[in-house]
Amino acid sequence: MADNIFLGREPLIGGVLIDRRRMVRAAERLLARLGVMIAPDTRIAGLRVGEQQLVEIAKALSLNARILIMDEPTSALSSSECDTLSKIVRQLAREGVAIIYTSHRIEEVLELADRVTVLRDGRRVVTARIDELSRGAIISAMVGREMAANERGATARDGAVVLSVQDLTLDTLGPHGWRRMLHGVSFELKRGEILGIGGLLGSGRTEILESIFGVARGWRTGSIAIDGAAVDISSPSDAYHLGIALVSEDRKERGLHLAASICDNVALPSIGALARFGLRTFARERALAADMIKRLSVRCTGIGQQAAALSGGNQQKVVIGKWLATEPRILLLDEPTRGIDIGAKQEIYRLIFDLAAQGLGIIVVTSEMPELLLLSDRILVMCEGGQTGILARENATQETVMRLAAPGMANWSQEAAS
Amino acid sequence: MKALVHLLSRTKLYWGLLLICLIGALISPHTSSGHNIFLSYGNLTDVLRQVSITGLVATGMTMVILLGGIDLSVGSVMGFSTVICAMLLTKPGWTSASVMGVPAAILVGGAAVALAARFVFAGLARGRYVSAGRRREVSLTRWQSMGIPGLLGLLAAIAIGWWTMNQVPAKFGVLGVLLIAPCLAMVLGGINGLLIVAGRLQPFIATLAMMVSALGIARLTAGSDNAVVPVYTGTNATEAFELLRSMLWGVLPVPSVFFLAAICLFGAILRFTTFGRYAYAIGGNIEAARLSGIKVAQVQLTAYLLSGLLAGIAGVLFVAQYRQGKPDAGTGLELDAIAAVVIGGTSLMGGRGGLAGTFVGVLIFGLLSDILQLQNIDSNVQLVMKGLIIVCTVLVQEQNLGQLVARWRFRRSGEAQADPRTAEPHRPPSAAKAQLAREDLDEAS
């Protein structure tokens, strides 16, 4: 971590040797300022995306810049980390640093900004002081139209359990020996149900999905049953054959082949099933992709467009589309709306409701509390790898979820970091 | 205009090839009767013949590199294959070559037949389900997936065993070496693949190890360090082996037929099969590919197997061409192959490129050395020229030509208007940053 923060500007002894002690101490100070309790000699690869983001912010702080540009600094942070960050941002502003802060989260903008500029489709729509703009005005400027409020549509739940997980445990071999990432996780997912998983960053939310999908690194115990029959899932290929789909947290790293076309991306998991004697059926692949982009209203020039050229929201739709094309029965969504604009978010919410209405069992992991409360029929709350409770929709509020997610509120940031 | 630039940019590789041909034709010496030597049919087919060995190896290399891997062992594996091939042709009885080769052929042949049978069953079964409108994959019965393929594989293995054993007391014929040498090379390729897939080794490391040890194995097989096993068709080896260096129907040299066939076959595989799409997907984003349910390990293993296979075939052709087998026959070949692949526009990061590019890349190298030879230029100058060509083509390849033109235009228009944003002086950031960082550190200590 220290190496990353001071890359290219390492403190030197005699102009050649790196002064590690000074570097580590300086890094410690910076991280303490951010409220991150991670040892500065931890490897970046061992950190979660959110923690990496904090390191990146520490690096920016270490430059003591006069102008600080932050592009979606909180998109991967949990809410407690966001609070720390906003404190730092305000403090920096008081110290005379000019800050350009880009964000999809309107609450943040309203809270932090002095002046707001709204961009849409690469053009400036409006620039004004924050007190001149209401929340609704900002949203309509962003979307270009007034948004309707969200409503969870009527759900058709027939009560049949499609997925049941019993006593799931996961141990991962880290740099400091084996670590228990999950313990005692048990739940059931019914057809047409949306199960939300809440909890702080690093509480094991993603690991649950990865365990079900057969990609979790480490040693897994516990049983998973689909439609009541115990199954053994040891690879994504097994999961795929059982009708499970995972839309992962990091769409660029793990979801898309960016250099390939939309068509190739959407068809990728399905081409094996579409092909005969290993020969691809291009017409079927194109039809599949065209059908998907229509169904998900992906905004693009055509199915031949490169995935890298799409906006975040549309890329996310492509990733979801590629899994819907496999006709799954269980859909696992990890941060499905991370880093996408509010218009696309609404569309994805609507899509999730539609899919649930069609009888898919859906599990959603999200760091955004309003989203969690909006989407979920039930909420499973995680804390430090353990399951602290399952809340029904009626009982779920910000407060009840948070109480389960962080029982000891006092040392929050430590938990988020560990 | 934009469309034209785009077209030029997409086909720039072929323009390079054309340019080299033009240069070659223009500066080529003429025969006494006034014929252009470079453009003569004999010269052009000779170029094809000469590039065939590198070309075959580069074909396998392309697939490995597309997957984001690399195969450094192909040169040594080819050298090993030449030794095996030459020994099988010239030495009767159970020599070290036949002791290794016969079991390898039985194993690889049997496995290939079994897998092919299973593939056919899978294809038939899936076909039925697709037509019924269902898309989920079907599982074969145990009898279909294991029983019948296993039985067929066993039969094939027995047949191959019987056929090769019969040839051992005498010497092997053309078909014998064309079967055994590539099979042995495939075993080495398979070891590469297993090290990478199951052992989680970096492809660079695994194949580097194979590169070193295959050379050793080849020398041990040949019996001495700088052994050369000469092959004189008609005297110490079968006359029929001459076939592999002759002209096919007087039109094309046989080695180049192998090369062209490999390019077409594997080009089609990359373009039209799921294997090809998986290869690109894995090279493009291995994590996304794995999460998409692709059996990444299987695809990777196949690519290294094929790379070994093609290196093995190249070894047999080498023996035919140069009438000898020697352990160091392929020294440096892997780098020539990688260079050809890279010139052809295949990214070393994987996921981008193809065999058409590799074909052109191989030809560019072949034509270049032909032109320089016709000019009687020192072969060391050729090496320097090769290096230059690599750098130039890759520079042009990596920079999108259209982008280059656009940037150049933008800059020119910017200069004309004396853009105030760029004209504004700014203090050198490095000094300022260093200063700030130092302050920060002092505070800390």
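Easy rule for this one: first residue shown is 1, then count along the chain.
Just so you know, glycine gets a Cβ as well, placed from its N, Cα and C.
Curation plays no part in TrEMBL annotations; they are all automatic predictions.
Taken from TrEMBL, the feature region 'Disordered' covers B:415-445. The transmembrane segment annotation in TrEMBL covers B:50-70, B:77-94, B:100-125, B:146-165, B:177-197, B:204-222, B:257-280, B:301-322, B:337-368.
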The transmembrane segment (B:77-94) vs the transmembrane segment (B:301-322): 3 or more CB pairs under 8 Å: yes
Counting only pairs at least 6 apart in sequence, do the transmembrane segment (B:301-322) and the transmembrane segment (B:257-280) share 3+ Cβ pairs under 8 Å? yes
Taking the transmembrane segment (B:177-197) as the reference, which of B:50-70, B:100-125, B:146-165 gives the largest number of Cβ pairs under 8 angstroms? B:100-125
Name the range, of those listed as B:100-125, B:146-165, B:257-280, B:337-368, that has the largest tally of Cβ pairs under 8 Å with the transmembrane segment (B:50-70). B:337-368
Highest Cβ pair tally under 8 Å against the transmembrane segment (B:337-368), stretches B:100-125, B:146-165, B:257-280, lands on B:257-280
Any residues 6+ beyond the ends of the transmembrane segment (B:100-125) with a Cβ under 8 Å from its own? 84, 88, 138, 140, 144-145, 148-150, 152-157, 160-161, 164-165, 168, 179-181, 183-184, 186-187, 221
